[in-house]
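Data first, discussion second: the structure below is written as structure tokens.
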Amino acid sequence: MFIESDFQCFHRSLRCRQGLGKSVAVLTGVLDDCLCDIESIDDFNTFKIFPKIQKLQERDYFRYYKVNLKRPCPFWADDGHCSIKDCHVEPCPESKIPVGIKAGSSNKYSKAANNSKELEDCEQASKLGAVNSTLSNQSKEAFIDWARYDDSQDHFCELDDERSPDAQYVDLLLNPERYTGYKGPSAWRVWNSIYEENCFKPRSVYRPLNPLAPSRGESFYTWLEGLCLEKRVFYKLISGLHASINLHLCANYLLEETWGKPRWGPNVKEFTRRFDPIETKGEGPRRLKNLYFLYLIELRALSKVAPYFERSVVDLYTGNGHEDAESKALLLDIFRDTKSFHMHFDEKSMFAGDKKGAKSLKEEFRLHFKNISRIMDCVGCDKCRLWGKLQTQGLGTALKILFSEKEIQSLPENSPSKGFQLTRQEIVALVNAFGRLSTSIRELQNFKVLLQQTR
């Protein structure tokens with residue numbers, strides 16, 4: 001039972017040590033709703049995944065992300081953009097973008113493209129050929145097919161229109177996720193809307209430690225215990241994403257600024273405030289366990305999507321043949337590692353009831369998550385909005401993959417497929433979102449060491 005594993009077994013699954021006069025949670029044991037233990041994830045991430053995913057994120061194909069940070073908030077009057085200097089995002093000049101990536105920006109899903117005529121297809125092939133004369137006819141057909149294919153029914157996210165004049169390329173390496181000072185009512189309202197309106201929760205049940213509502217934690221977990229697996233999973237995914245983002249902010253905090261030179265690094269006090277079991281009335285360990293659960297979900301998606309990328313027709317094309325080959329080789333190496341992990345989450349246990357009910361629940365699941373992706377356009381800090389949109393899209397892509405297993409398994413080896421496609425934006429978001437989770441778990445290990453050193 002959910003309530004038993006988190007309350008009655010609290011001391012069994014946590015070892016508390018004293019640090020800074022407060023108990024420090026060191027998570028151990030098996031996660032809820034799956035058969036994987038935390039120690040196995042820590043070892044797997046530290047020694048196999050983290051070093052490789054870091055290298056992959058540095059490669060050109062994955063470091064440039066096209067995003068529209070000017071889309072208006074669709075749910076409430078905009079608070080106006082944050083004026084804090086660290087909230088600023090520096091767009092990348094077009095001249096710096098690899099030529100192959102710029103060519104690929106037109107390969108999107110849209111109804112207009114889906115209804116295009118053969119003449120438009122020929123023009124598209126001509127443009128692609130002008131950019132890369134080494135592309136085979138099969139590859140050109142695949143790119144054209146991507147441009148024509150509309151799979152909006154499978155999307156779990158509201159995707160930015162890459163053709164919009166407000167959409168800009170951002171170099172993720174030059175705009176790292178870190179604490180910007182964006183907080184208070186505006187930030188609370190975003191997360192409150194996500195939890196209160198999109199996590200299948202009745203308004204009469206309040207979230208623990210919600211700054212905008214009375215604290216009634218016990219009734220909340222009694223309610224959560226009674227949910228079906230799918231809705232419990234949904235809540236854990238959002239909570240895990242929230243925990244991961246908070247970890248990034250704690251690990252990359254503005255510690256001081258002397259003569260205009262900022263020094264960023266881990267803030268133990270901030271970490272304790274957000275995750276210590278005493279400081280958070282037991283909430284911190286729950287949040288961290290949900291982070292591990294989210295890691296498992298995205299890890300499972302990577303292992304499932306491997307056949308899509310293993311095909312010769314799929315290239316990570318930037319225009320630099322040598323780098324492109326190395327990038328794909330590294331990605332496939334990571335896929336081999338993900339498939340070797342022996343304690344995956346079993347997504348087959350989800351939506352396994354009667355077909356009509358399962359289909360309805362899946363659609364509800366998808367629409368709730370899509371709504372959350374739209375809420376990211378309400379974030380007032382540009383840098384927070386950038387990373388919020390990217391990580392939400394990455395998780396949405398992971399869910400799309402998990403719910404498309406049959407389509408992935410039936411992909412043709414050397415020709416385009418209308419059954420399942422990923423845009424470059426989805427691929428970049430998927431890899432970087434998982435990279436953020438991998439970093440979160442690695443940073444958590446660092447905080448454990450720092451807390452022990454301050455005993």
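Along the chain as shown, the residues are counted starting at 1.
Every residue, even glycine, has its Cβ placed from backbone N, Cα and C.
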Disulphide partner cysteine [TrEMBL] for C381, chosen from C250, C384: C384
When distances run from the Cα of S239 (FAD binding site) to each of the disulfide-bonded residues C87, C381, C384, the nearest one: C384
Fewest-neighbour residue among binding-site residues, criterion Cβ within 10 Å, set T180, S239: T180
Largest separation between Cα atoms (Å) of residues that the record links to FAD, namely R178, T180, W191, S239, H242, R274: 21
Cα proximity to H242 (FAD binding site), best match among disulfide-bonded residues C87, C381, C384: C384
Nearest-integer angstrom distance between the alpha carbons (Cα) of C384 (disulfide bond) and R178 (FAD binding site): 8
